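TrEMBL annotations:
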ACT_SITE  A:D64  active site, proton acceptor
BINDING   A:H60, A:H62, A:H140, A:D210  Zn(2+) 1 binding site
BINDING   A:D64, A:H65, A:D210, A:H268  Zn(2+) 2 binding site
There are 2 protein chains.
Amino acid sequence: MKLTILGCHSATPRINTNPTSQVLEINNHIFLIDCGEGTQVELRRNKVKFSRIKHIFISHLHGDHFFGLIGLISTFRLLTRETDLHIYGPKGLKEVITLQLKLGNSWTNFKLIFHELTSNESEVIFEDVKVSVTTIPLKHRVYTNGFLFKEKEGERKLDINAVLNADIDRAYYRKLKKGFDVTNEKGELIKNETVTKEPNTPKSYAFCSDTAYTESIVPIIKDVTVLYHESTFLEKHAHLSAPTKHSSAIEAATIAKKADVGTLILGHYSTRYDETEEFRTEARTVFDNVVLAESGKVFNF
Amino acid sequence: MKLTILGCHSATPRINTNPTSQVLEINNHIFLIDCGEGTQVELRRNKVKFSRIKHIFISHLHGDHFFGLIGLISTFRLLTRETDLHIYGPKGLKEVITLQLKLGNSWTNFKLIFHELTSNESEVIFEDVKVSVTTIPLKHRVYTNGFLFKEKEGERKLDINAVLNADIDRAYYRKLKKGFDVTNEKGELIKNETVTKEPNTPKSYAFCSDTAYTESIVPIIKDVTVLYHESTFLEKHAHLSAPTKHSSAIEAATIAKKADVGTLILGHYSTRYDETEEFRTEARTVFDNVVLAESGKVFNF
């Protein structure tokens, strides 16, 4: 997986800070997560091919997470895109996008397929052979979901020397990869585990923004490879978390610890802070493996 | 008057080009004209005080002229603005802005006053003691207006030496400025023109974008100090003007010539061109006084 941060500040776009947007590359998919104002310019800056974006996930309908969506769709239109575009987000998104297209008399020549979310339970919203995407119900001032992107368990890997030594016909390789025992050329039963290895551990990425501190997400994001959890405030402003339904760096780290995640990425910093290093310092008092999101930063995992 | 170009390219925002937006300072007003995506960042870059913007004029509902408006309004809200904001633009603007505020549960704590335009005739839409704003009906693919910003005729100026020599009581100065004859201390009638001078010539600015070539606007913009007229295409693509209802540089210059304007500013360049100098070269074959809009450029007149 490759995660590119396009923007990771809260509230308003400014000269050197962009609102929330991320690109996740996973098994040939390019998923766009949230789309604040200016996202299409950041996609260009980070050389993401527009035509490869086929799925966009919107967490909630606050401007810093979706005001760039209509502009991106319009640009797709101007670039004469023909590929379907799937958009996953809260109910209302379809109405506001289609209203703007209607007012501009600017209908797209590609299919715009809205998957409007209304459930307060975690649900699978995308799935193919290799990947699934599941919602993570969050606690914010409006209806909000995080998203869990998961690789599926892969096939077992052939231990090719063992396979050759065991004198197994090629026709059985597929069965071996699926975990079955097979019979070799001599008619002997070959136990699967003697000629195959464990598949790669499937990786996973959880995006959780915006949200107040809520332990209800812990079972859903348990053991993820990487967790992005919003951390709007430092401790000196932690009293603002509850009324605004945001989290502090320490709250984000506490969730990371309880969920036993691999790496915690912090972001959605309040624009009141000029420096972000202190977010890491505070989070590390609770959880070790913390990194900071910043525009243009790429995480490979 | 001081005109600041925030963006002057058509279609989509890109790394080094911004869609249409301008700031006009005129008699203590700061008028924002159009508001493509990213306008709020350009306002910051050009150090325009957000709180001084009280009137926003939107030409039409294509994205490159208004997708930045909802973000700017949201930022005003986050900055706890309390001053009324007047928005002038096509019918539909109120619906799309209020829908987005509603979806985000983000009502403004300042009054948002929409002046929705539907007329196909030129009409006065703003007026105070010193300034008026009039619509310029344009020909585009959707309902579109340009805007004519005009200083009103000022008062006559006192020729202070002549006034003192004529022995006129101070109480009559106001009457003199308004053009009346007065009686002096000795009871003599003093002809106004012997003690006053002509007022400054009122200046005017006409913004015309987007539009096909249309001579119907010539009487409205006749003799303006400065005309901004869109010029999306160079001659080699002039055949695209009619179907897209845009203009070429030569068409813009032809309008400038027929209206006998002072200066023509070109802009709204198609993003297919990397250089803009040729727009000026072509326009100058028809009209002499041509300048090119570019982001961050300031025109004082």
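Cβ atoms here come from the backbone N, Cα and C positions, even for glycine.
These numbers come from a predicted model, not from an experiment.
Across the fold, the C-alpha of A:H65 (Zn(2+) 2 binding site) and the C-alpha of A:D210 (Zn(2+) 1 binding site) stand 9 Å from each other. Neighbour density at the Cβ, taken as the number of other Cβ atoms within 10 Å, is lowest among the binding-site residues A:H60, A:H65, A:H140 for A:H140.
Within 8 Å of the centroid defined by the CB atoms of A:H60, A:H62, A:H140, A:D210, the record's Zn(2+) 1 site, lie the Cβ atoms of A:S59, A:L61, A:H65, A:L138, A:R141, A:V142, A:T144, A:S209, A:T211, A:K245, excluding the listed residues themselves. The Cβ neighbour count for the residue listed as 'active site, proton acceptor', using a 10 Å radius and every protein chain shown, is 30. Under the three-state DSSP scheme, A:H60 (Zn(2+) 1 binding site) falls in the coil class. Distance noted between the C-alpha atoms of A:H268 (Zn(2+) 2 binding site) and A:H62 (Zn(2+) 1 binding site) is 13 Å.
The secondary structure of A:H140 (Zn(2+) 1 binding site), as reduced to three states from DSSP, is coil rather than helix or strand. Contacting chain B by the Cβ rule (under 8 Å between Cβ atoms), the binding-site residues A:H62, A:H65, A:H140, A:D210, A:H268 reduce to A:H62.
The record gives A:D64, A:H65, A:D210, A:H268 for Zn(2+) 2. Within 8 Å of the mean position of their Cβ atoms, the other Cβ atoms in that chain belong to A:S10, A:P19, A:T20, A:D34, A:G36, A:S59, A:H60, A:H62, A:S209, A:E230. Each of the binding-site residues A:H62, A:H268 was assessed for Cβ neighbours inside 10 Å, and the highest tally belongs to A:H268.
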